[in-house]
């Protein structure tokens with residue numbers, strides 16, 4: 001037990017990942033102001049709070065305080081999910097994105113949804129329909145080898161709560177679009193397809209199938 005706890009004590013702290021593009025690179029579809037606040041404030045807060053929660057968890061773990069361990073689970077889930085989700089989200093977007101996927105990802109989408117447009121419509125509908133805050137996802141079901149759509153509330157991570165491997169995430173928290181699109185979530189969702197990085201999604205699909 002002692003060696004394991006010692007290893008936990010020297011854990012690597014999480015850090016905010018750099019964006020692979022400038023804050024204004026996704027304009028006019030997503031404004032620079034939104035991107036800056038979303039990345040440098042919101043995502044940074046999840047990272048900071050995750051580190052705090054993990055430090056507290058380590059403390060109560062060493063004490064064997066199971067009640068305190070359980071009480072910290074919501075903070076770990078929320079902030080850990082926020083960090084995981086946003087780290088995927090930034091790479092799912094690109095100033096040279098948009099259009100349709102190519103190759104094996106495109107073939108898989110046609111196989112599992114009928115066409116790219118049908119998948120796009122369904123994922124948009126799922127994302128519009130998220131009550132309050134959450135995410136719409138295109139994921140990979142490892143058990144049956146097929147693509148699957150899902151939504152997750154709040155910052156619940158897709159894989160940790162559904163078992164699906166995340167390929168494409170669409171953030172529908174208001175902080176992702178309100179400064180530009182106000183309360184009209186469908187307009188934001190229409191615009192975001194213009195900056196989807198299908199090369200990144202395809203890379204994730206190839207990795208998920210291994």
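Backbone N, Cα and C atoms are what each Cβ position is placed from, and that goes for glycine too.
Record features, source TrEMBL:
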DOMAIN    13-94  domain 'Manganese/iron superoxide dismutase N-terminal'
BINDING   38, 86, 171, 175  Mn(2+) binding site
DOMAIN    101-204  domain 'Manganese/iron superoxide dismutase C-terminal'
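In the shown protein chains, 24 other C-beta atoms lie within 10 A of the C-beta of residue 86 (Mn(2+) binding site). Cβ proximity to the Mn(2+) site centre (mean Cβ of 38, 86, 171, 175, cutoff 8 Å) flags the following additional same-chain residues: 39, 42, 43, 89, 173, 176. Considering other CB atoms within 10 Å as the measure, the emptiest surroundings among the binding-site residues 38, 171, 175 are those of 175.
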